[in-house]
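Colleague: I have a structure here, written as structure tokens, and I will follow up with some questions on it.
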């Protein structure tokens, strides 16, 4: 829950009011925009992308060689084959050397070739209707708690108006009581409802038995009880005793991609198995009941949600899988002190715990994004775009920055974009800086409107939106991009293996016909 920050900060800039809150609002307003990528692209990050490319050079060279050989062989007649056999009989040493080279090359290729990781299916949790938190109910409950002064209430009202959230987002059960009941038991109950709800749906849709799961990765940033959330799932579904389970905490909204990366690495080692990735955030014990403006924003944007993803390295699953994982690129700016502290869980001067957002957050997020997409570009963009991009950087370097770098057209590399629904402003800025069309950010905007910021699971609600609209065709590429505290920016690229239809009991099943809705400026 600690890092839908870019959107939070922008909202705060336009929604601060009165007293000390006004100063915070002004500071945040000054840094609300992402940096203009046209002004600065660092060449060293491009090198990282080309490193990924060169790492697969053997495969890129070897496969065309095999294809050319097969084409030449198919054109040979019986006379050519006879002449070849006669030639080989008198050149035994050459035959042995060529055979050894061929066997060695095939062995190296097979041993180093990464195993494909398939996304069989996934499920997103849709809470019951009684947990909906429309604006007026949210404000009435905030007032009745008597924890917020008038300045803070007005601040929250303005945040909500400009947030991009609709009237049907969900708040946890504990927050619907007056006074709220943020207990450990209530937090466990929220976690169980979300995780088990998503997993029940996933197992039901895939007909995979819990006992077949060999790897389990759970990520939740702010709620990490003992036993862990992953242990709760093992206990609930009676998973096997040798399961490799992991519980990731404190990694914020980008942890869903990190969890997929961990599962992917494990699937490269352990053959013929399934991995389940559960991504969620827990709000019950992380609601802020103070009056510090920069710590109030998460209350207004974060809502209940979670996802469960089934991954497989089994070749037989390719026929029924929805997607294949193509690339995953992670960027971490935590070595920089400002980046490390820009999203920070702490206590205010009254001793109340919340997540504090730095006025530098948008600039830091922009830097992390720039690094990530500059690394990603060389491995996903068409050759024409790569050459234009790289040549412009070289010219800029030679002319000491007098020429603006060419910003590649990522629409040529991806058919669909799932930008983390951290806030309205960050979606606006990514749309502008990446020169996307409204349809490319529609899934992100509508997810924010319908479900709010569900942290690390938001990119899966967005993918589900695209499927529910019937837009996912075989061969389409999807770019999932998420930001996280620390500060991190992570990307995952998936390729559709078929024309993908929405799974049963999807999060948009009851509302997709209402979308897209027109958002108030």
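Cβ atoms are placed via backbone N, Cα and C, with glycine included.
Summarising the annotation, TrEMBL assigns transmembrane segment to 50-71, 92-111. According to TrEMBL, the domain 'FAE' annotation covers 109-398. Per TrEMBL, the feature active site maps to 253, 332, 416, 420, 449, 453. The domain 'Beta-ketoacyl-[acyl-carrier-protein] synthase III C-terminal' annotation in TrEMBL covers 415-495.
Map these features onto the structure and tell me what's around them.
Modeller: In the shown protein chains, 34 other C-beta atoms lie within 10 A of the C-beta of residue 253 (active site).
In sequence order, 486, 487, 488 are the residues near residue 332 (active site), counting only same-chain partners six or more apart with C-beta under 8 A.
Here residue 416 (active site) comes close to 440, 443, 463, 466, 471, 472, 476, 477, 478, 479: these same-chain residues lie at least six apart in sequence, with C-beta atoms under 8 angstroms from its C-beta.
Other C-beta atoms found within 10 angstroms of the C-beta of residue 420 (active site) number 34, with every protein chain shown included.
For residue 449 (active site), applying a Cβ distance below 8 Å and a minimum sequence separation of six or more within one chain yields 164, 165, 166, 515, 517, 519.
When other Cβ atoms within 10 Å of the Cβ of residue 453 (active site) are tallied across all protein chains shown, the result is 30.
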Colleague: What whole-number Å value do you get for the CA-CA distance of residue 453 (active site) and residue 420 (active site)?
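Modeller: Given the Cα positions, residue 453 (active site) is 8 Å from residue 420 (active site).
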